[in-house]
Amino acid sequence: MSNMQKHMLKSRLPPLPPKLESNLRKGVTARQKDYNPNQWDQYFEEKKDIETSRGTFRVYLSKQPQQPGPVVVCLHGGGYSALSWAHFNIEITEMVHCSCLSIDLRGHGDTHTNDDDDLSAETMASDVVTVLQTMYGEEMPNIIMIGHSMGGAICVHVAEMEQLHTLVGVVVIDVVEGTAMEALASMQSFLRSRPSHFKSIQHAIEWSIRSGQIRNVQSAKVSMPGQIVNVETGKLATNELPLDDSRQASLDIPDEKQTFTSPMAIPEDAEFVPETSETNTPHTFTASVLDDPKKYKWRIDLSKSEKYWPGWFEGLSNKFLNLRAAKLLLLAGIDNLDKTLTVGQMQGKFQMQVLARCGHAVHEDLPHDVAEVVGSFMLRNRFATESGDFVRRMPAC
């Protein structure tokens, strides 16, 4: 075949894909990952420190709705912070006319009290009531209270107190008395399996993704800084943001340097696509966070709160069923339902929704889906009006 014929045939073929720039070092491929943290003000309109007789509580608030609507009060899980609701806040306020208020609970985030170690359900529930009464006084708006894990249990305790007469709805995310009580036996082992320190904020974010604690890297980039403090200054990592250029970095993560195994971990390729991240098999992730300088540690030592754990969950199912407010239970798996709630659900005492392909931090992994479920719940009960087009979720399991 002549050169002219070869040229003519090649001209009819589609162009070749661009060549990939490889980072090869003796056969080891490294991929750059951006784990630089994001600031709170990309998601919330303002933050406030609410001074009360019980302490100073950090809250984050969304923009005000264009039309009157309820306040969605968000309570985070144990060890998390109010910033875990950042992406949910954006999603829900675009779907329905409402505002969001996310609270750093006692011992978490940038909240400071005289006794941060008192994490009893009664104390934290009273904290929430006090914060809301301090903020709104006699002009208390209609409230939908939503909580994840420990925060879900606190929601139920707040509602049971019946001190917030405008509380019209309660949403509990992935916490059920039966399974929670069973899990307490292994909780200390789980806490010991976590690294105690991190060398940087970025490495903490990396760990949260590779361990499976959070399956949405964009959520991890805003929520993880609210969970760690600087060892030297004692200040929350969020107070160091934005990072200067010298501390902004993409991490080179060699494929073959994944040596730490966690039963909760997810495949790395799924970390940016929550919809495909479900897995039941162990996965390995970079263990370098365990060996580097100890610059950051956890904001709260959850292992010291063990004596309060049973009080969070004992009797929770019956308390939830007996609440006067409208109720929604949102789970990461149908197998998590205990007998009491199974009977209650069959009797139509509450709405239930199960979301697949997510981990325990459902609202962080799938903030849009959770917002659709909660927004549909609010519209169905006529607590709010629609502000944007979205798929209404019918009650289902």
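Quick reminder: no glycine exception, Cβ is built from N, Cα and C everywhere.
Annotations in TrEMBL come from automatic prediction, not curation.
Note that this is a predicted model, so its numbers are computed, not measured.
For Ser149 (among others), the entry in TrEMBL reads active site. Proximity of Ser149 (active site) to non-local residues of its own chain (separation of 6 or more, Cβ distance below 8 Å) is seen for Gly77, Gly78, Tyr80, Ile173, Asp174, Val175, His360, given in sequence order.
Annotation source TrEMBL lists active site at Asp174 (among others). Asp174 (active site) falls outside any helix or strand according to DSSP and counts as coil. Within 10 Å of the Cβ of Asp174 (active site) there are 24 other Cβ atoms, across all protein chains.
Residues or ranges marked as active site in TrEMBL: His360 (among others). Using a 10 Å Cβ-Cβ cutoff, His360 (active site) registers 20 neighbours. Secondary structure at His360 (active site), as computed by DSSP, is coil.
The domain 'AB hydrolase-1' feature in TrEMBL is assigned to 72-373.
According to TrEMBL, the region 'Disordered' annotation covers 1-22.
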- Average the per-residue pLDDT over the domain 'AB hydrolase-1' (72-373) and send me the rounded value. 88
